[in-house]
Amino acid sequence: MLQCNKKAENGAMSWLDEVKWDAQGLVPVIAQEAATGDVLMFAWMNREALAKTAELGRAVYFSRSRGRLWFKGEESGHVQTVHEIRLDCDNDVVLLKVTQLGHEPGIACHTGRHSCFFSVLKDGAWQAVDPVLKDPESIYK
């Protein structure tokens, strides 16, 4: 379990108050593979998602399109175990150091790839350079 559930004297989680939330109450989050340093994905968290992530040791994001908490892997089984939660120097970006579970190597992207950052700009065009590890249609039934 992560060591960030310390409550202030008034019962509130004071460490959450140090995060600079945007006007919608969200903070951008980067998920990075702890073992390799690979950047897996970018997402958003609200206060509840960040608190749940710290409590569970599992990545919980806020889905802007669904308007609700999104427990990473709830549909795909591709869960992210969180080893460390970091806050950047401006307190407005969160970095999760994770182990991506559910497939070997771990699949973080809904396209069936290890990382959501699979396109590289080459000669003025975006080219997919990382392979699809599993057909998304077989992941999301």
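Note that Cβ sites are derived from N, Cα and C of the backbone, with glycine treated the same way.
From a predicted model like this one, the values you see are computed outputs, not experimental measurements.
Features reported for this protein in Swiss-Prot:
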- Asp88, Asp90, Asp92: Mg(2+) binding site (BINDING)
- Cys89, Cys109, Cys116: Zn(2+) binding site (BINDING)
Sparsest Cβ surroundings (other CB atoms within 10 Å) among the binding-site residues Asp88, Asp90: Asp90
Non-site residues, in chain order, whose CB comes within 8 A of the mean position of the CB atoms of Asp88, Asp90, Asp92 at Mg(2+): Lys20, Leu87, Cys89, Asn91, Val93
Rounded to the nearest Å - Cα separation of Asp92 (Mg(2+) binding site) and Cys116 (Zn(2+) binding site): 21
Candidate with the highest Cβ count within 10 Å, taken from the binding-site residues Cys89, Cys109: Cys109
